[in-house]
Every structure is written in structure tokens, then in C-alpha cells.
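Sharing a structure, written as C-alpha cells. Questions coming.
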Amino acid sequence: MLPFILKRLGLALLVAFTVSFISFSLLFLSGDPAAALAGETASGEDIEAIRRLYGFDRPMIVQYLEWLFAAVRGDFGESYYFKLPVAGLIAERLQVTMTLGVCGISFALLTAVPLGVAAAVRPNSIIDRVALFLSVAGQAMPSFWFGLILIVVFAIQLGWLPPSGADSWRHFILPTIVLGYYAMPAIMRLTRAGMLEVLNSDFIRTARAKGAGEGRVMFKHALRNAIIPVVSLAAVQMGFMLGGSIVVESVFALHGAGYLAWESIARNDLPTVQALILVFSMFYIVFTFLADVLNAWLDPRMRSS
Amino acid sequence: MTDDTLLKVRNLTLDIPVGGGTLRAVRGIDFDLKRGETLSIVGESGSGKSLTSLAVMGLLGKGIKRSADEMTFEGTDLLRASKRKMRALRGDRMAMIFQEPMTSLNPAYTIGDQLIEALLLHRSVGRETARARAVELLEKVGITAAESRLGQYPHQLSGGLRQRVVIAMALMCEPDLVIADEPTTALDVTIQAQILRLLVDLTREMNMAMILITHDLGVVARVADKVAVMYAGELVETGPAASVFEAPSHPYTRGLLRCIPQPGKTERGAPLGTIPGIVPSLIGEVSGCAFRTRCPHAVPGCRAAIPMRGDDVHGYRCVHPDGAISAEREIA
Ligand SMILES: Nc1ncnc2c1ncn2[C@@H]1O[C@H](COP(=O)(O)OP(=O)(O)OP(=O)(O)O)[C@@H](O)[C@H]1O
Ligand SMILES: [Mg+2]
């Protein structure tokens with residue numbers, strides 16, 4: 001197990017370096033950063049002055065390393081727009097996004113996995129049909145529309161929950177449902193397909209022949225094997241939720257990191273965009289790594305490969 | 001019927017609903033098994049051998065309908081036993097060994113876990129005791145360094161070793177009956193004989209009864225006390241192994257026997273006998289002898305229902321008093 005983890009860790013670090021370099025290069029790919037900073041009316045001399053002031057005239061590799069070492073220490077520079085340290089800005093927004101992401105993926109897993117198992121245990125039953133309906137509806141319905149419906153029904157008409165903001169845990173209920181429901185169909189169908197396949201395998205028959213009860217057969221013997229691909233999928237979706245829940249954050253006016261990224265792109269706030277891309281990528285890398293470790297624990301065959 | 005009867009099956013019938021009707025895969029078969037006895041069920045692919053054994057274990061798939069006049073195991077009525085009772089019997093008093101060693105162990109757990117589970121499901125002993133029992137059985141099935149094997153996963157073992165583990169697992173609770181459904185077919189030829197030898201020795205040593213399902217009549221001749229020959233869901237001949245091999249009384253049994261090479265008799269390179277023709281469809285009723293379409297001695301009388309002939313111990317289902325053995329002699 002340990003060699004496997006170290007190998008994966010090495011791989012993750014390698015990917016992290018590559019990603020950090022790419023996100024740093026964005027500064028230069030999007031045009032002359034000095035000119036962008038100086039504004040449209042600036043003279044050539046002003047631009048040169050800014051170039052020297054910000055150090056854009058030095059070799060790229062030097063700038064990259066400087067940026068990287070600062071970033072590792074948590075210093076992402078100053079936002080062009082807010083004139084505040086990027087790190088503090090992101091940290092505040094990330095809290096909202098992470099809360100939402102963790103709640104969203106938990107909601108998705110807690111509904112999708114039991115539903116997928118139940119559907120697989122009794123294919124074509126009522127519960128299977130309900131599960132199929134929920135998954136098709138979840139995929140067909142745009143998140144912003146579903147979010148608006150929930151706001152209209154539960155916030156405006158029934159008045160049970162607040163329609164927007166991030167002040168208390170109650171503010172997170174509706175966004176969690178919308179975000180979770182977005183991830184639910186794929187997890188549900190993968191669980192169902194996995195369970196159907198595993199339930200047909202010989203070792204399930206062996207378990208029954210040993211005298212194991214249905215519960216033990218389903219959960220100890222079948223689900224343990226069927227859940228393996230679901231873990232990888234959930235990790236990807238988790239990474240996606242932490243970076244890409246812009247729609248949900250906008251609908252519910254939750255000022256999270258996704259929303260900040262969107263604003264910063266519009267404002268040409270390069271240090272913030274750079275930092276966000278780096279942070280989002282790190283989330284992906286961390287979750288993929290954790291999923292690999294979890295999978296290796298679930299499936300011993302993976303450890304040796 | 002003496003007291004040492006372990007398993008008694010009368011008129012077992014299995015119906016499977018399929019697209020265009022009902023497939024009657026097993027058609028009213030009878031057999032008995034005494035303690036310590038080995039019964040071999042032989043017959044072509046699709047003749048209903050596996051379904052018969054699954055029916056005894058109570059492991060038939062959903063939708064398969066089982067009916068019988070009688071089916072008792074150690075005095076328990078298997079037809080009426082509750083799910084809970086069946087669970088208590090399975091793995092404890094009756095165990096099963098399947099054909100595919102590569103896939104019949106759970107890839108996610110160590111073999112130690114799986115062996116121990118087999119005991120803990122039925123005995124309230126501590127993990128240490130169960131572990132010791134697992135080591136003991138691994139040694140019994142000829143696995144060296146048993147202690148260290150417990151921590152290994154199925155994918156780390158060869159097919160032969162896995163089948164030994166499967167056998168050890170089936171024997172954890174010292175069952176009274178072991179059903180082995182083609183336990184060696186998936187293995188290398190060189191290993192087949194070893195595994196079979198092992199199985200036979202262990203059942204003798206532990207005084208267990210065994211139902212051995214196999215295509216290999218050579219094996220049957222060596223290890224079985226009794227033979228049941230199945231064709232298209234019916235028992236066409238049944239009796240003590242010695243008697244069936246010496247005086248096969250159904251043309252199908254004789255056909256099967258011609259398909260095995262015999263040391264000394266069969267010339268090297270000479271073609272083995274095959275039985276021409278195909279098994280009839282099992283959908284709906286099959287009236288009369290199912291083998292008549294492939295039988296060289298078929299007469300109009302074969303279309304009627306065929307009663308069991310012979311005596312209490314060695315019976316066969318054929319209209320010819322001697323299974324038309326006289327006709328065969330004339331040709332030969
Ligand atoms: N679940 C099922 N659904 C439909 N048909 C089935 C099912 N299980 C078995 N059958 C059919 O029942 C018949 C008997 O099957 P069974 O598996 O008992 O044969 P077998 O004698 O064990 O053959 P083999 O030597 O190939 O293992 C076959 O024709 C098979 O196709
Ligand atoms: Mg079979």
C-alpha cells in the first residue's frame with residue numbers, strides 16, 4: 001500500500017507543478033500584462049515604467065519561480081481590482097464554496113448510492129423506475145431553472161427557507177439540493193450498473209452458498225466492489241463543484257470562489273484569476289489522489305499495478 | 001429407507017419461464033444419498049445438472065419454479081424450510097464448490113477473511129479460533145505456508161491454489177454434504193487430477209457425502225459410489241457405479257461410455273465415439289423418451305411414456321428390456 005501511495009503522490013506533485021506553470025503563463029498568453037495594467041490611455045513610457053516596477057522585464061523562469069515560492073507561502077500578490085492581497089480574498093470566498101461543495105457531494109452520494117443499490121436489487125420495480133425518472137429529470141433540467149423553482153416554492157411561497165445569501169446553515173439547504181441533484185444522476189446510474197454486474201458474479205453466489213444473509217451479500221460483498229468506479233466519479237465531481245458552481249452561486253447570491261473567478265475574468269484581474277486557477281487545479285489533484293488511495297484500499301488489485 | 005439417508009429427492013421438477021413459454025429444465029428426477037456416499041451426476045451440457053444442485057442448495061435464481069413430491073435433507077423438509085433455516089444449512093451442513101475458481105472468490109477480501117467468514121456465519125467462536133481453523137484447513141488442502149497465505153488476495157494466487165481455497169472454504173464447518181459442480185473443468189489438465197484426488201480423500205476422511213457433477217466419466221468410474229445419468233432434464237439411468245459401468249442399460253449411457261478413452265482398449269489416435277444429433281428443445285412437454293431422436297434403436301413405442309425399468313438399485317428408462325444391448329451386439 002505505501003509504495004502505491006508514494007507513487008501516486010509523486011505523480012500528483014508532478015501534475016501540480018505542470019499546472020502551476022501553465023497558470024503562471026496565462027499572464028503572458030493573455031497579452032502584454034504591463035500594457036493591460038497601465039490602461040488604454042497610457043503612453044509607451046508609462047508602460048515601460050510599469051514593466052520594470054512589476055518586474056515583467058526579467059526572464060520568465062525567474063518570474064515563475066518567484067511567483068511559485070510566494071504562492072507556496074500563501075502569497076498570491078495583490079488583486080488589480082480590489083487592491084487587496086489575493087490570498088485573503090480567495091480564502092474568504094473559498095469557505096462558502098467549500099461548504100457548498102462538501103454539502104452538495106454528500107447530498108448526491110447519500111441519495112444516489114442507496115437509490116442505485118435499491119434499483120439494482122429490484123430491476124424494473126417501482127423504485128427502479130422512480131430512480132430512472134429522477135436521473136433523467138436531473139439531467140434534463142438546467143441548474144439555474146431548478147434553483148429558481150426551489151426559490152419560488154420554498155422561499156417565496158412557503159417561506160421556509162431564505163432565498164439567497166450565506167449567513168446561516170439554512171441558506172445552504174437549497175443550493176445544496178440544486179448542486180447535489182446535478183451530480184446525482186451519473187452517480188446513481190454508475191452505482192446501479194456496477195451493482196447489477198457484481199450481483200451476477202460468481203463470488204456473490206459463493207457468498208450465498210456460505211449462508212450469508214441478503215444484507216451481508218449486498219453490502220459486504222457486492223457494494224464494496226461496485227462502489228470502486230463511483231469513488232473516482234465522485235472525486236471528479238467534487239473537484240468540479242469546488243471550481244465550477246458559478247451558476248448555483250449566482251442564482252443564490254452566494255459569493256463563493258466560482259463567482260469570484262467569473263468576476264475577475266471580466267475585470268481582467270490577472271493575479272486573482274491565476275491564483276484561482278491554481279487553487280481549483282490543486283483541488284482536482286488532491287481529490288484525484290484521495291480517490292486513488294481510497295480505491296486502492298477498496299480494490300487490492302489496484303495496489304499492485 | 002435406512003436412517004443414514006442424508007438427502008432424499010423425489011420427482012424434482014424445475015420450470016424456467018422464457019420468452020415463448022416454460023422451459024422445463026429438470027423433469028421429475030429422484031435420487032437418494034447416504035452419509036459418506038459419493039453420487040456422480042453425469043450428462044451432456046444443458047441436461048440440468050447444475051440446476052439440480054442449485055435446487056438442493058436453495059440457490060436457484062429468481063423466477064425458476066421448483067416443485068417436488070419430497071426433498072429432505074437430514075430430516076429437514078427443504079421444500080418448506082424458511083429462508084432463515086436454509087441460510088443456516090447452507091455453508092454449515094451443506095456446502096458447494098463451483099466450477100470457476102478464478103471468479104468464485106471475492107477480489108476485495110483476503111482469503112483469510114473469506115475463510116473465517118465461512119465459519120463465523122455459523123459458529124459463535126472468536127476470530128482467533130476461526131483463524132486457527134482456516135490455517136488448519138489450508139494445510140489440509142495442501143497449501144504450504146498457510147499462515148502467511150491468509151493475508152493474500154485471490155488475484156495473487158494461481159487457479160489451482162484458488163480452487164484449493166474454495167474447497168477449504170466449503171469444508172470450514174465440516175458439512176455433511178458437499179456439492180462439487182465440475183470443480184476441475186476450469187483448471188489445467190495436470191492439476192485436475194490432484195484437485196479431484198484431494199476432494200475425494202477429504203470427503204472420505206471427514207465422512208462427508210458428495211454430489212460430484214462432471215463430464216469426465218473416467219473420474220466417475222474411479223470415485224463414485226453411485227451414478228445418475230441425466231439427459232434433457234431426466235434421469236435416464238441410475239445405479240451403483242460398478243453396476244452402471246459394467247452393464248450400462250440405457251443407450252445414452254452406453255453412448256457416453258464410448259466417448260471416453262479406455263486404457264488398453266482405445267487405440268492411440270483412433271477417434272472417440274460421439275453421439276450424433278442434438279438435444280431436443282425443453283420448452284413445453286416432451287412426450288416419451290427424449291433420446292429417441294438420436295437413438296439407433298428407436299421404435300414407435302418410444303413415443304409413449306417410459307417407466308423406470310430394472311430393480312431398486314439399478315434402474316433405467318428405456319422400452320427395450322435390455323436397453324437394446326442385444327441389437328448392438330449383433331452390429332458389433
Ligand atoms: N436462469 C436460466 N434461465 C434460462 N435458462 C436456464 C437458466 N439456467 C439454466 N437454464 C437452462 O436450463 C438447462 C439446464 O441448465 P444446467 O445449467 O443445469 O445444465 P448443466 O447440465 O449444468 O450443463 P453444463 O454441463 O453445461 O454445466 C439449460 O438448457 C440451460 O440453458
Ligand atoms: Mg453446469
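Backbone N, Cα and C atoms are what each Cβ position is placed from, and that goes for glycine too.
Curation plays no part in TrEMBL annotations; they are all automatic predictions.
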With TrEMBL as the source, which of A:52-71, A:172-191 is set down as transmembrane segment?
A:172-191
Quickly jot the same-chain residues contacting the transmembrane segment (A:98-121) by Cβ under 8 Å, restricted to those at least six beyond its ends, or write none.
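Residues packing against the transmembrane segment (A:98-121) from afar: 127-128, 131-132, 134, 172, 175-177, 179-185, 187-196, 199, 218, 223, 226-227, 230, 234, 237-238, 241-242, 245, 248-249, 254, 256.
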Using a Cβ cut-off under 8 Å, which residues of the same chain at least 6 positions beyond either end of the transmembrane segment (A:172-191) come close to it?
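Tertiary neighbours of the transmembrane segment (A:172-191) are 99-101, 103-109, 111-113, 115-117, 119-120, 131, 134-136, 138-139, 143, 146-147, 150-151, 154-155, 161, 163, 166, 226-227, 229-230, 233-234, 237, 241, 245, 248-249, 251-252, 254.
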